[in-house]
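Only one structure is covered here, and it is reproduced in the block below.
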Amino acid sequence: MGPNAVDRALEAAEHDAATPISPTPTHHELPHRTSAEIERVISASSVSSASSSHSARSRRPSTVGTGIVGVGMSRVSTSRDLPPTELGRIQTARSQHSATVGRSIRSRRSRASLVKPLPPFGAGKPYPPLLPNQEDFVVEFDGPDDPLHAQNWPMAKKLLTATMLGYTTMIASFGSSIFSAATRAVAADFGVSPDVSLLGVSLYVLGFATGPTFWAPLSELKGRRLPLVASMFGFTIFNLACGTAKDLQTVLITRFFAGFFGACPLAVVAAVFSDMFDNRTRGMAITVFSMTVFTGPMLAPFIGGFMVEDESIGWRWTAYLIAIMGAVAFIIDLIFLEETYPPVILVSKAAELRRRTLNWGIHAKQEEIEIDVKELITKNFSRPMRLLFCEPIVTLLSVYMAFIYGLLYLFLTAYPFVFMGVHGMSAGVAGLTFFGMIIGQIIAGVTVLMQQPWYARKLAANNGVPVPEWRLPSVIAGGVAFAIGLFWFGWTGFTKDIHWIWPTLSGLMTGFGIASIFLQALNYLVDSYLMFAASAIAGNTFLRSLAGAAFPLFARYMFEGMGTQWASTLLGCIGVALVPIPVIFYMYGDRIRAKSAYAPTFGAGPEVAESETGDDSELGHGEKEAPSSVPRTDMDAAQRAV
């Protein structure tokens, strides 16, 4: 099927939607809607298959009986009643959802039917006839302004939810680095070297690498609220277990699982923001969310340092503190957090309608999904690895971001080496020097936010279709700043003859570089791969988390063996060597994407060789879904991004 297969299907649906079969307004009578309402959000039939879309186009209005005398129920609103722009949103969401959790139940049912026949219905009853028209029993949102949809919540409610989840995310990233201040105390307590106890940091970050492969698909099957609440409970339990550990192996194991559970908000919260905010405000929301991810690790060292220095508190309270913070997040999320994922909201709506009408045929499309383990493995591990190693854009950007992310955790060792070893500061005071990096990250976040009006104008002028290369100037500037910061840190921090404020101020450049690169490079991957974004971000997250786990392990040997100035110079030279990567993509990215088997080119490039749905049978009628000119993204992937 050609690259405009989805467009032709949408045109047919729009033509059918415009046919006057009821008193609903025609296509020409519909109010004008902005591009923000057309674009990349989960909407009504977010998990419909193309075959059900086909049946929806062929059906006619009907009345559904409830089975209760004197009670009737009109046909629920379906895509037939929605404006053409809403049809575009629905089709977009179908491809996004199948990209991660799958919908190819037809092939699975056919395999099952070949293995064994259907069991008897029971009590001598024959199998009942199929529903007269299954699509008539599928619940939908009541138009684009339905208050059930999270994008239509009051702004105060959105801000409250964003605040809760910002705190939840911050404590997960906070927990990754607070243990770094306790490594020497842990080593002394259990009679091992500080390098062994440093595994508590590395294993926590390794949990960040493995966690999203479980939490992200779960959030698309069962909604956002369940994994967030469950993960905060597990996060709290394992941090309590770490604080009460009687041996080192228990500390290390509990740290890994604390990271595994802590990875959930990193993978899911960005998707919640995608559910709540449209294209005009989502960029700002995701930027603020990302700042909590990157500032959390920098806030923890000075707190942990002061706690470890106080003998009446000790290193165990670094774990207890995270557990207390996690318990607070668990209670807040349990009581106040509401579901934002549209398909699961429709599941709740269908359940309520079934109870109140006793019409047990009413259901949501999400309830038709059958989980296929093979399919989940393919979409959440196999495909991300193919993108990581076979797509030049994903490969090179992932290497760049892995280097940056690894240095973020390497600084947890390098800063104490300079400010404690060279300048003789205590652990708590040395931790305060990370505020240079925090301020740099805040400056980068503000800079990105200030670019939003410019980006919104460009997006509107391009009919809501994003051009990925618009993201890269910030990445280029961040790469230059980051390399400068590394040279600055090394050549001002190697001797106490230079005042400690100078290596501290180098954090302004490194912090600015880290945040600028990450904020816009992740957006570039999302815009470049759209319906494959979840796989691209998953591969990126896997590689950079491995780097984050490995870099702290050799940091001390590197700085001791080479000296602060030459170790930083080596890292700075690598940073300079990597700067051309975003420059090359800025100049030639469109040509590289045109040759990609995964990156859509909005009708200008070759056909996509493989649909993110992964199987022709998912779409029905032997058609492969291909990217269309309808703008798409998968901000659930941004979930996995951090």
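From the backbone N, Cα and C atoms, a Cβ is placed for every residue, glycine too.
The compositional bias 'Low complexity' feature in TrEMBL is assigned to 43-55. The feature compositional bias 'Basic and acidic residues' is assigned by TrEMBL to 633-642. The domain 'Major facilitator superfamily (MFS) profile' annotation in TrEMBL covers 161-592. Taken from TrEMBL, the feature region 'Disordered' covers 42-69, 603-642. The transmembrane segment feature in TrEMBL is assigned to 164-186, 198-216, 228-246, 252-273, 285-308, 314-336, 387-412, 424-449, 470-494, 500-522, 529-554, 566-588.
Tertiary neighbourhood of the transmembrane segment (285-308): same-chain residues 162, 165-167, 169-182, 184-185, 266, 269-270, 273-274, 276-277, 314-315, 317-318, 321, 408-409, 412, 415-416, 426-432, 434-435, 437-438, 441-442, 445, 448-449, 511, 514-515, 518-519, 522-523, 635, 638, 642, selected by CB-CB distance under 8 Å and a gap of 6+ residues from either end. By the Cβ criterion (under 8 Å, sequence separation of 6 or more), the transmembrane segment (470-494) is in contact with the transmembrane segment (566-588), since 3+ such pairs are found. When Cβ-Cβ distances below 8 Å are used as the criterion, the transmembrane segment (500-522) is approached by residues 287, 290-291, 294, 298, 397, 400-401, 404-405, 407-408, 411, 418-419, 423, 425, 433-445, 447-448, 471-472, 474-475, 477-486, 488-489, 492-493, 537, 540, 582, 638, 641-642 of the same chain, each at least six residues removed from its ends.
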